[in-house]
Amino acid sequence: MAEGAIPDLPPSSPASVKAYGTMESAEQLPQGSSQPPTRRAYFAIATLCHLNLVNYMDWFLVAGVLLDIQKYFNLTDQTAGLSFIPASMPWLFFISRGLVGVGTSSFSTIAPTIIADLFEKDYRTWMLSVFYIFIPVGSGLGYILSSGVARASGFWGWGFRVTPFMGITGLILLVILVPKPTSKKLIPGKCTRSLTWFKDISSLCKKWPLEGAVEHLFALILLHLDHRTWYFFLHHFFIHANFPLSPSWSFIGSSLGVTCMGFITGALGFWIPVFLYRAEIFGGITIATGILGVVIGAEAARRYKKVNTKADPLICAVGLFSSSPCMYLAIMLAEKSIVAAYILIALAVFFLSLNWAIVADILLYVVKPACQSTALSLQIFMSHLLGDAGSPYLIGIIANTIKVHQRDNPTLWDFQSLKYSFVVCIFVGVLGGGCFLQAAVHIEEDSKKAAAPATPLPATPGQGIENKSFDFRGDGNPDISTSIPISIFAKKEKA
């Protein structure tokens, strides 16, 4: 085997290659058929749904009692979006946020890929829909639980002491009921090589190479430190990261669209209950319209896909484009008619909820199975970093800035400042719809690339140059191609 080629995995006997969640071997499954799920698969999806419910309940507990928290700590709109851990204890902030981040992001990354392995075709679409239904259900129950427990107990803090027990129960069920993950199904002709995280990134975002003196400068510096791995990393990640030539545009577009969705849901979920002063009603609206939106979105995508292969991103774009005017009208009419505001908010949540199951399905068929967990982690990281992590704070800053400049009627401007700051979400919604339209243009091409087998390209040594090429996308072109000056390595080794 040429140096730098990826070694094949040890051959497996047909009996040892089993479909995840079943006792049948992959060769026994008819090609192109949809294997009925086992009873254990349904237990596993129930456990994952329970954990997803607890996850989103925990996120929105604060929003249900935010007004009480602001009064208790004497917070402005700007400071309400910050952590309540004092600045004198930064270690507690990083430890708590780190543990929560690792737990929730690991679950959010792995759970959809487990569902993709447990279920096939239409089963998979429906089970993803069921899983993502618990995003609006958990969000709505978070509002209802925190505000209801606060009213019953007389103190807002009691609402935060329920979900930890639900999380512990879910962890026990996860260990008992969810089957042990195996490798992705080994389908004849598909890539069965062991890939690293960096190679996953390279296959998701192929880059335009830049050759010249800068490359060799990095080589000399890093080889002096005797770090060939760092040379390889910087060569591909920094030098090749100047301009994207042929990335997975549908993955990038859908990820940006999900980020815009996260921005909107994070901002509205945090501030709308305060804006309307009725957390429990908003929670009920979120549950009802969220369930309806996820189910209708998944079914509409399934049916429309038979007519148009670009159905998934188009429905996501329609969802975001339609939610924007509903949000705008709800914000502007809230002062005059609270009933109209609730109806329009219900429509906005419905249109946003159309997308939850569909965006996960898009990722699963435009990304190769070996890279799906990496792609999900990147998408989740992007949606939180640029989406719901900062949007509540940004809305609070805008509202507080507006309120500072309007001191003649502070009570009125408590309401008006939030109303005008929500306009940012309208523009973000339109931007997200545009990202999904961009994904629709490339989704057919990317889905074909993801379905194509991946094969290693032969190493072709040249004079004084060692060429190493890999094809992870299966399109016949090297996704990673490096030309390393042998003389530089030899000189360093002799030294």
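Note: Cβ is positioned from N, Cα and C throughout, glycine not excepted.
TrEMBL: automatically predicted annotations, no manual curation.
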Using TrEMBL as the reference, determine which range in 91-114, 187-210, 307-330 is annotated transmembrane segment. 91-114
Are the transmembrane segment (378-400) and the transmembrane segment (91-114) close enough to be called in contact, which here means at least 3 C-beta pairs under 8 A that are separated by 6 or more residues? yes
If we skip the immediate neighbours and take only residues 6+ beyond the ends of the transmembrane segment (281-301), which ones have a Cβ under 8 Å from one of its Cβ atoms? 64, 125-126, 128-129, 132-133, 135-137, 139-144, 147, 269, 272-273, 311-312, 315, 319, 342, 345-347, 349-358, 361
Beyond the flanks of the transmembrane segment (91-114) by 6 or more, those residues with Cβ under 8 Å of it: 20, 44, 48, 51-52, 55, 83, 85, 128, 131, 178, 181, 360, 363-364, 372-373, 376-377, 380-381, 384
Could you check if the transmembrane segment (158-178) is in contact with the transmembrane segment (126-146), meaning 3+ Cβ pairs under 8 Å among residue pairs at least 6 apart in sequence? yes
